[in-house]
Amino acid sequence: MVRSMMCHTNLPHSFWSFALETAARIVNLAPTKKVEKTPYEIWHGNKPNVSYLKVWGCNAYVTRESQDKLDPRGDKVVFVGYPKTIGYYFYNPNENHVFIKTRATFLEKELLARGIGENNVDLDEIRESQITDTLASTIRQHSDVELESERTQEMDITPSIRRSTRDRHEPDRYIGLHENVDSLIVDQAEPTSYKDAIMDSESRK
């Protein structure tokens with residue numbers, strides 16, 4: 001409901017709060033299928049008066065409080081809501097301020113004949129822009145998570161031990177050693193008896 005109200009006007013988007021308050025007022029004054037009485041009638045005990053309701057966002061003429069002879073007698077303003085006191089909220093686009101007036105000439109038929117305002121395009125552009133920004137933000141966050149995951153995996157991997165691919169050869173001092181093993185064992189064998197020990201050449205040393 002608020003979106004439809006904004007689409008039929010050329011008001012800035014900052015007037016969403018005024019549109020929301022007006023929509024809530026209208027809902028409280030409207031009957032429903034489930035409840036025979038309106039919310040206003042249930043709360044206050046009497047039927048509401050709807051004669052003061054005006055088309056939200058329509059232009060209106062209000063008289064100036066102080067005016068010179070050559071100045072215009074009134075200003076063209078926009079009706080934007082209902083205050084808690086008597087009167088109406090009006091927005092003056094030339095002076096960029098909102099004020100309360102009790103009397104005004106409302107140009108409701110002018111708004112109805114004009115149809116949808118420029119805000120319909122603006123709201124669609126804003127919605128598309130918000131979706132694009134949200135999608136781009138989601139993609140960036142997903143990419144950051146993947147990049148961080150890759151870095152973590154790289155840090156957790158234990159570096160492999162580098163092994164030489166050169167052919168290994170035994171030193172020259174070991175060449176032919178296996179051929180003389182038996183003789184070495186025989187020559188360097190220890191005596192196995194007392195007699196052998198006495199007869200051994202090493203026993204004299």
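Cβ atoms here come from the backbone N, Cα and C positions, even for glycine.
What TrEMBL says about this one:
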type	residues	note
DOMAIN	58-110	domain 'Retroviral polymerase SH3-like'
COMPBIAS	144-154	compositional bias 'Basic and acidic residues'
REGION	144-170	region 'Disordered'
On the domain 'Retroviral polymerase SH3-like' (58-110), the mean of the pLDDT values is 88
Please spell out the DSSP helix, strand and coil residue counts for the domain 'Retroviral polymerase SH3-like' (58-110).
-> 3 helix, 26 strand, 24 coil
